[in-house]
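According to TrEMBL, the feature region 'Disordered' maps to B:1-30. The transmembrane segment feature in TrEMBL is assigned to B:42-61, B:102-126, B:138-161, B:173-195, B:216-241, B:276-298. What TrEMBL lists as domain 'ABC transmembrane type-1' is B:98-298.
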Amino acid sequence: MPGAVPPYRRVQRHRPLWMLAPGAVLTILVVVVPLVVALHISLLDLDQYSFRQWVRAPFVGLANYTEAVRASGTVHAIVLSTSYAAIVTVVTLPIGVAAALATQDRFRGRGLVRSIFLVPYVLPAFVVGTVWRIILQPDGVANGLLARLGLDGGLWLNGPRSFWALVVVQIWASWPLLYLLALAGLQAVDPVLHEAAALDGAGWWTKLRYVIFPHLRGPVSLAVIIAFLHNINNFTLPFVLFGVPSPRDVEVLPVLTYVESFQNFRFGLSAAMAVLSLVLIAVPLAAYLRAVRLDVGPDGAAEGSRP
Amino acid sequence: MTVRESAPTRGAAGPAPRPGGRGTATSGRGTVTRLLPAPLRVLVLGVLLVVVLAPVLYMLFASVSSDLSVAEGAFLPTSLDLGNYLRIWSTVELGRGLVNSLLVAGAVAAVCAFVALGSAYVLVRYAFRGRLAILRGLLALQSIPGTLMLLPVFVLFASAAQLLGVPVIGTRWALFVTYLTFALPFSTWVMVTYLRGLPPELDEAARVDGASAWQVLTRVILPLSWPGLVVAGIFALLLGWNDVLFASVLTNPDSRTAAVALQVFGATQEGGAIPVYGQMMAAALVCAAPVVVLYLVFQRYLISGLTAGGVK
């Protein structure tokens, strides 16, 4: 690593590393220690009776994990979480890219449109959940509009359709993230490429397909990973939209973990589920950390990541 | 308005010329950089605007409508009853919730921004072993599921209360410490990208003149960092303002934040005759308004923060 450090950084004494201390102390106390505690609790038979003396709760080894995988709804929740996050990400991708393409061209009112596009993303998730809960109630405005089109709305907040309600609302709330990241990627495309494409007489689709999209691949694939991580960790939206206990079809892993802790007081089991949720995000997280540009020297050269 | 205008906070990408910007050779630029044919563009924009605005407008409409018309699924308001905006202060206990949210999230924002500045300064300007690991950790920490942390944090706070003999859970301090910690990685990352955009010669010169690191930070870096600090602070504020997970467990009715107050109010409406939809919408709007206003005011800075983790 020293080889990558720009010269002005090399001769430094008195590095004020203590400035990192407040963040380090907080992170150790509120993140690292709790993580260790979570691992420990996941090996205990901890419930509301043993809670006050949690250190002395009986040690049960991996029993919580086997119960989580075999008996409780964990596997169901993992499948649900993964498919919901994947569907939302796959659907928001083309929407976000299309919106970025459409707002990159200059036109009157573009600033206003860009502001409006970010509103769903800026609204707090608990507000989005509250609003859509009212929109999707059985006689609500969504079914009212569907009925006018001659469609039978039915139940959205209960039963098998609740899964799709969650997917639709999360798509509505989260597509601006992909839009933003795609727009940032689009604005980094060298204008010379536009001119080259124009000189070649390329049509708009040819230009998109062979000139623009290849340049978007990097930023957009990173955006896809970020969006997937956002979606799969989302607790607030399903929690507020459906309440607890939630319908089985939307019992995603964060909600199930929460219910197992703070409704059923099966703390050991819940901790095991929480640890499993870490396994769930491990692959996309590793991909993200590999792909993102970690560090940039003042000369613009990247350090610590693949070029 | 464009993302690119906030280039100083995005040190990773060079300042690409803005397509169609004012200049000499711009007459042809507008058409050359055009990406979509006009009809297609209008179609995409039109559909998206309707999809985005319909629920937002409905929120406004329903907050002034009668609960009955909301329950029957009318889109347009049947009446103009602003009473909901008065009733929510007693029914939802929104006042107390907003005060709690403001106190906690505001304190988190202020402290977080400055702690992040110090950390980011060291990370950007100094070389030391483990620097890349910390940068990587800043990104990884943002992806840790909150539900993983909730139970152990709760357990530790309960144990701390037992040890110290003072209540921890149910106090605003518990929320403050939790939000501060979880807001720090992203705010630090925002400050790292911001400080990378400041020329190193500035603090270099001060250091040559014999200034200590603390003096450089407070007298040279800090005055130049306000745009970055505002972004870092706002994101920390939003984390506290928007959180339901930790607040639902770590608060009692007195220290409840607005988010939990609204969620609890919504949940208690279940099973009644006709839920007070209008009040729920009005309360949701009041909770969302500060966030949306903040975003509109600081939009051009915030966008750089929103994309800060997505630089490749």
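In case you wondered, yes, glycine gets a Cβ from its N, Cα and C as well.
The transmembrane segment (B:173-195) is in contact with the transmembrane segment (B:102-126), judged by 3+ CB-CB distances under 8 Å for residue pairs 6 or more apart in sequence. Just going by CB pairs under 8 A, the stretch in B:42-61, B:102-126, B:138-161, B:276-298 that sits most against the transmembrane segment (B:216-241) is B:102-126. Through the fold, the transmembrane segment (B:42-61) approaches residues 36, 75-77, 281, 284-285 of its own chain, all at least 6 residues removed from its boundaries and within a Cβ separation under 8 Å.
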